[in-house]
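One structure is given here, and the rest of the page talks about it.
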Amino acid sequence: MRRPDVPLSPGPAPGTPRRQLTPLQIGVLAIVAIVAWRLSDVILMAFGAVLVASLLHALAGPLVRNLGIARPVALSLAVAGLAVAVAGTLWLFGQQIAAQVVALGDLLPRAWRALQEQLSHYSFGSYVLADLERLRHADGMVVETASRLFASSAGAAAATVIVVFAGLYLAFSPGAYLHGLLRLLPLDRRERAAEVLSDCGHALHGWLLGSLISMLVVGVSIGLGLWLAGVPSPLALGVMAGLAQFVPVIGPMAATVPGLIVAAGDSPQTLMWAAVIYLGASQFEANLVTPLLLRQMVELPMAVTLFAVLAMGVLFGGLGVLFATPLAVIAYVIVRRVYVEDILGDRFSDGQAAEEA
């Protein structure tokens, strides 16, 4: 459906000189940029709250459309459903997952040494071992990393609680925050800005639901496959693989390494089966699950996704990596709606966008 041609801002009349920023305005913009940079972690946490609110609205939407209930009631049901699902999962599998995570931490260094020993029996092993020798302090680095993660776990838990509760506030009263944001814009731009924000919200809804389904499919398939193959700690490795799907490209690659190391420490045959399982789950998700979900998702070009993750990781660390893809989704929508349509005057359908991706 084509949108009416509503320019974001009218261009200057012929012969009208362009308005230039004053030194005071430039100084204010510089101060705002510096403050935003220093508060980047807080801003990313606020974006995390937006993701929580978007997820709740995405879950409540079908209840509103199909059952005709009020949105606050649907949101309450969505919150209750999520709470029951999380509590039920922890009750059924929490103890097993925790035990397997601890066992995995003990198993990885031993599996790493076993892999080195197995490689030493092959002719090509000396070349590989020469590179592995540079990682002879890997065990110490693993312990150090685990210690840092444990030390920061309390802060991460507190940040998660803040993000969740802020997301609840945003979900139940989005109008107050949206209208407050629109009031920062000139009157003639508010209507178009509201349309663009609505498009961003729909894009986030689709991406979140698609990501959750993808995480579930990959986590279950890898966990079940590793269990059938006899790989140790299959439940923990499956959970790790599912959660890693939230960060495209890099996340699945990083989650594959521990599983292959553990499998290699068992036997070459187990390693082969583990590699087949990880590759098969990846291909199943990429060639069957993702195409079925593309109608509800913004299809980002793979290179854009990869460089967005890398750039956000360099700039903002772990939080940047975590939120890189949803931020890229929003940026993609804004570029299409504001720059391509309003400034350049070009238009293309979602089908054309998918072809370009």
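Note that Cβ sites are derived from N, Cα and C of the backbone, with glycine treated the same way.
Residues or ranges marked as transmembrane segment by TrEMBL: 21-37 (among others).
As annotated by TrEMBL, transmembrane segment applies to 43-61 (among others).
For 73-94 (among others), the entry in TrEMBL reads transmembrane segment. Proximity of distant same-chain residues to the transmembrane segment (73-94), defined by a Cβ-Cβ separation under 8 Å and at least 6 residues beyond the stretch ends, is recorded for 56-57, 59-61, 63-64, 67, 168, 171-172, 235.
Under 8 Å from some Cβ of the transmembrane segment (157-185) lie the Cβ atoms of residues 45-46, 48-53, 55-57, 72, 75, 79, 193-194, 197, all in the same chain and six or more residues away from its ends. If you look up TrEMBL, you'll see 157-185 (among others) marked as transmembrane segment.
Among the features that TrEMBL reports, transmembrane segment is placed at 206-229 (among others).
Summarising the annotation, TrEMBL assigns transmembrane segment to 235-264 (among others).
Annotation source TrEMBL lists transmembrane segment at 271-294 (among others).
Residues or ranges marked as transmembrane segment by TrEMBL: 306-335 (among others).
Within its own chain, the transmembrane segment (235-264) has Cβ neighbours under 8 Å at 93, 96-97, 100-101, 103-104, 107-108, 111-112, 114-115, 118, 211, 214-216, 218-220, 222-224, 226-227, 229, 270-271, 273-275, 278, 281-282, 285, 302, 305-306, 309-310, 321-322, 324-325, counting only residues six or more beyond its boundaries. Residues of the same chain lying 6 or more positions beyond the ends of the transmembrane segment (21-37) and with a Cβ under 8 Å from any Cβ of it are 43. Counting residues 6+ beyond its ends, the transmembrane segment (43-61) has Cβ neighbours under 8 Å at 36, 71, 74-75, 77-79, 81-82, 159, 162-164, 166-171, 174, 201, 204-206, 208-209, 212, 316, 319-320, 322-323, 326-327 in the same chain.
Sequence-distant contacts of the transmembrane segment (206-229), counting only residues of its own chain at least 6 positions beyond either end whose CB sits under 8 Å from a CB of the stretch, comprise 51, 54-55, 58, 235, 237-239, 241-243, 245-246, 252, 259, 263, 270, 273-274, 277-278, 280-282, 284-285, 289-290, 293-294, 296-298, 325-326, 329.
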